[in-house]
């Protein structure tokens, strides 16, 4: 029973001395007493290599490299193990989650958090922490009973103690945790003869838990000798750089005093690891107060990058230089990081440079398609077949892998499902998924082609296959009663899915193609899944459980699964975190992410028990718990020290100025401290360095081509570019080995997001030999030619969703008002409140079920919206009644369609126009309402257009002039052309072109006293006042509002009179008859010009900016045109907005059938 301590700073030869000592013993007596080297799990492989790769050793049976848990198993092999079943991490958390749910009603502080998955994970960590530091439920209960404390803290500890106690009772005599097995190991030590003959070496640790100190105490007591290696100068100052390992030394001294033995200390002061003065000076001076600056010889570098991605690209380039120019091997290089965001960057960047690497971290399995399939399957059952988990399940492609183009079929199915609002048991309705229904996908139904029919039949078949599997799974699970039944049902369902065979086939294909890591992932996925099922049966067995609880517990288990990947080769870059990675004696170590906030890292308490509660508990209960945040914060300098002293040749520190989320970052204060130790240690700004040394960017062929592309693009933009890039281009271009993909990059250089003008033949192929279009299509072209090209040329359509769009609401109002108008023959004056309500209900019952597959009856929200629609209609009818009472114009025609060849007698004829290319223009559409008034054998007509949006319920004559608003003039033109079909007199003249805003008015009051019922009704009526343009003819004016008189402004039409009876400029929107005719004729010319441009093949991305607004704000095609408001302002078209449109139109000479100038 002897105890040795090798003490010294980093690189002083402590571990080398230990290895030399062990090797000498192995050479002297290969079959001698056992030698045990205890090291952290991350270091065991590296230390085993140190023995295996030694040519002087021919192998030995006496030396083993173990961590504490493996050592316990070695002892159990000799003296016998425990009889209880060992609980895995997943099994432990599943059991604790179930206990929490059962005990939820007894919890005082955590009752509301009990249902959350994360809470059981935190609670498991806390219980494991208690076990590591030998804190039992009895400790907690005794402490709570004897001490006065804050109510919150008391309730918290009582809750934890309750779960802890229940957990201990559940596992008693049946299960054992990893921490408990170590306690059992301590109890078995006296029985081990093998241990009594062993020489024990402990290396690579900087701190221990209470249970580990007890193990060390047992080893010291029962082993022949124990040697512990610590990185410390022996200073016990709590503010020393070596506080953490010195704390370990203090504990070892206490153990030695308890066992009444002395520690044979051996101090190591001579530095051996470092090959140069830079690293020696860095190690010796890092923690001194009085700095001794020396000249830097170039073995320490500090790199500053703009972004994290740029930072890792530069590290990759420098690794290539290390391999090519310095003759290093990949295994001589290590990268250490702390910010988890870097792990993703390593995976995405290093393969681009063909750098082999191994990240020493475990990755969660939760994002693997198989795990996502299983978790989505569980959620489908839990959520009663909601659409989101169903679509996630389908998109994993695990259950649909047997289908060709399965991803495309699933996309089509998703479109259909979202359009029809499929959820719940509607998935099972075969009639809903009839192939014929797919012809109605989108806004327009069409007849299916044979290819479309075959495709949609595959979609339906795929859906049926997946539904069959889900139903099988649901049936199997619903028949289960115990956990064992559920686990069996789950496994049998996976067999029914043929998942094992599918995974094994995929694994074999990956292995055959050399993708061994992905193949290993599949093995671990399946084995992990089986392990969770085994754990469930082990822990719960025949215990009854609801399906809901089982699926919750099962999901908890799946969350714990992690990939443990074995390195695929020995010669690879080692990557790990600064806190855990065990890399020693590397020629070059890169420390990335050296930013303030990462190194040092602000440490906050993450456990259920706060730092203050820990300190109070330790003081009052005389126990030790895991270190508090302030203690961990003090050790940050030691973490940096250990990380930077792993190298023996070069150390490169790097940091970025921008984080992964775009936040600004500062340099680590440790780098400022390191920089102060040396003269001439400057920070290298990477962009500036490459600007001065462009050849430094040319380290890897593929990446050089990408950087070359950026350089040539800058050159084309007249920026100054180094001649070396032009030389590089010529070399790559002329090399058959290097020029692969160069043509693609060069074509990208000239890409400027410009559309191409279509040829005459292609225009006719896209648009036809005649244009049959609505007014809105031409208005869309005026907004942006590309928008028209995308919608009517390429026929791009947005996915239709099962939700009410703005245009759906407009269609509803139009249909309802048409229905009611026809029922009363347009005589709104006859309506009373009872009749309004009756007609509204009738109309809604008739029309709403036809909207979006009965969307408005699909949920409580939409049923509420239906009632709101009814209220708006009732208010609208009241306003129409009021307007009809005071107008001589009578509504006569409703929702009147027009086209070149009418299909019925009720439809109107639209005159065909012709483009400059001779292409016919056939305009079609529908006029919401036509009001007429006849006097002296002359008919006057009003065009009334219902708008549900306030923004579109305004007639802007400037827009009319420039062809941006063509609807009203077109409608008036059509009506004037069809006097006979409308039953009008031989003489027909325009009355008004008016918009009616269908809405629910909001009236503002300053106070309750302002509310007056009569005034309220008047204000409501004013909100429905028609807007637009009125013929200034006195007959029209008198007929629009019979109340008009001097000093009166109408509240139903945009007309008002001055004191002298003349039209008020402020209250009137009027134009003379000739002007209206000119607008109509000019509108026709806009049609011809627009249609001619369309057939000319114009497809420019050229939105029209009007009143500082762009149509891009509401355009569906921005993801196609990629127009950017910040850099594409040169693309915008504008018009002269300062013109007076009436004066401008009057100055145009137009000859037409109306007898204009």
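Cβ from N, Cα, C; glycine included.
Per Swiss-Prot, the features are:
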- 1-275: domain 'UvrD-like helicase ATP-binding' (DOMAIN)
- 8, 9, 10, 11, 12, 13, 14, 15: ATP binding site (BINDING)
- 269-583: domain 'UvrD-like helicase C-terminal' (DOMAIN)
- 784, 1112, 1115, 1121: [4Fe-4S] cluster binding site (BINDING)
Close in space, distant in sequence - residue 9 (ATP binding site), Cβ under 8 Å, 6 or more apart: 231, 232, 233, 242, 268, 269, 271, 283, 284
Sorted by sequence, non-784, 1112, 1115, 1121 residues with Cβ within 8 Å of centre, [4Fe-4S] cluster: 783, 786, 787, 1101, 1103, 1110, 1111, 1117, 1118, 1123
Largest tally of Cβ atoms lying within 10 Å of a Cβ, found at which of the binding-site residues 10, 784, 1112, 1115, 1121: 784
Neighbour tally for residue 15 (ATP binding site), based on other Cβ positions within 10 Å of its Cβ: 24
Residue among binding-site residues 8, 11, 13 with least C-beta crowding, 10 angstrom cut-off: 13
Top Cα neighbour of residue 8 (ATP binding site) in the set of binding-site residues 784, 1112, 1115, 1121: 1121
Spatial neighbour of residue 12 (ATP binding site) that is closest, considering only the binding-site residues 784, 1112, 1115, 1121 and their CA atoms: 1121
In three-state DSSP terms, the structure that residue 14 (ATP binding site) belongs to: helix
Nearest of the binding-site residues (784, 1112, 1115, 1121) to residue 14 (ATP binding site), judged by Cα-Cα distance: 1121
Other same-chain residues whose Cβ falls within 8 Å of the Cβ centroid of 8, 9, 10, 11, 12, 13, 14, 15, the recorded ATP site, in sequence order: 231, 268, 271, 272, 273
Nearest recorded site to residue 784 ([4Fe-4S] cluster binding site) by CA-CA distance, among binding-site residues 11, 13, 15: 11
Residue 1115 ([4Fe-4S] cluster binding site) and residue 13 (ATP binding site), Cα-Cα, nearest whole angstrom: 69
Reduced DSSP assignment, residue 9 (ATP binding site): coil
Residue 11 (ATP binding site) to residue 1112 ([4Fe-4S] cluster binding site) - Cα separation in whole Å: 64
For the domain 'UvrD-like helicase C-terminal' (269-583), mean pLDDT (0 to 100): 90
